[in-house]
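Undergrad: When I checked Swiss-Prot for this same protein, it listed these features:
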| type | residues | note |
| --- | --- | --- |
| ACT_SITE | 192 | active site, proton donor |
| BINDING | 11, 13, 189, 270 | Zn(2+) binding site |
| BINDING | 271 | substrate binding site |
| SITE | 213 | site 'Important for catalytic activity' |
């Protein structure tokens, strides 16, 4: 049973973690009609394009520092309740700016929620700044430059998400160079909607230590071997992959094939209520796919080893995992 296992998550978009009931309440608070995006207590979307539209709507009903603080605190307390000891939240200041909130105010609100959750539960959390791919290379470059000049102790990484089929990875490489030179950890969404070539482009042009999703690397055996050889960690989101029809079902999901080939992976929920999942559920899904508790513990260790966090905190997290009877096996 995975319920008792300690957990860690590296891939979750904060607005995408907002439950429909909270979003409906926020919409009512601001006099916004949510009926096009929430029906019968669930989010309404049909494909990736409509999912992005629904996500943007959800983001639009959080409008103040207090709103974002409450969102971050609620999600982290939920995670802590299922034995999660570490979380990285993907945060996009573009969403704050879209509702008239400065990037700095957006971050400070989220940080307030993170600190409150840590005080109440002990969960550690860091933020990874997102550049939105579908807003174009210049916008992502602007975000990286902002990040290089804005130092916050809870911001430790840079990422790019959004519509993977727009533009070339090469168009965004300068933004990642800026973030890397400023000392931030690098991850990037690839190998989800697009095939193995997008993972290869990410490795060649962005040089990340982690890749968000990356599961379509399975289409290229040489690329799978390269991932294994280089130790790049895939942030795998099983329920998300099925909901977005990246794979037809869990039987055809390549997580087992990837781990058998020596690729390092960890378990994540992505945008949980959009995909009728949670981190606890994705851990249970991994078990249903045939992974043992020992293997799943190793994935949690991998997540902590790959986390964008200072070494003192990393070692503390690893010690907590060890003390719980986990982490004795070699990381997957």
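Cβ coordinates come from backbone N, Cα and C, glycine included.
For the listed features, I'd like the structural context: burial, neighbours, distances.
TA: Within 10 Å of the Cβ of residue 192 (active site, proton donor) there are 23 other Cβ atoms, across all protein chains. DSSP assigns residue 192 (active site, proton donor) to coil in the three-state reduction, placing it in neither a helix nor a strand.
Within 10 Å of the C-beta of residue 13 (Zn(2+) binding site) we count 25 further C-beta atoms, all protein chains included.
For the recorded site, residue 271 (substrate binding site), the DSSP three-state label reads coil. In sequence order, 12, 13, 16, 17, 55, 240 are the residues of the chain that are 6 or more apart from residue 271 (substrate binding site) and have a CB within less than 8 Å of its CB.
The DSSP secondary structure for residue 213 (site 'Important for catalytic activity') is strand. Note on residue 213 (site 'Important for catalytic activity'): other Cβ atoms within 10 Å of its Cβ, all shown chains, come to 28.
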Undergrad: In whole Å, note down how far the CA of residue 213 (site 'Important for catalytic activity') lies from the CA of residue 189 (Zn(2+) binding site).
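TA: Answer for this pair: 6 Å between alpha carbons.
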Undergrad: With the Zn(2+) site defined by 11, 13, 189, 270, which remaining residues of that chain have Cβ atoms positioned within 8 Å of the Cβ centroid?
TA: 12, 16, 90, 161, 212, 213, 235, 237, 240, 268, 271
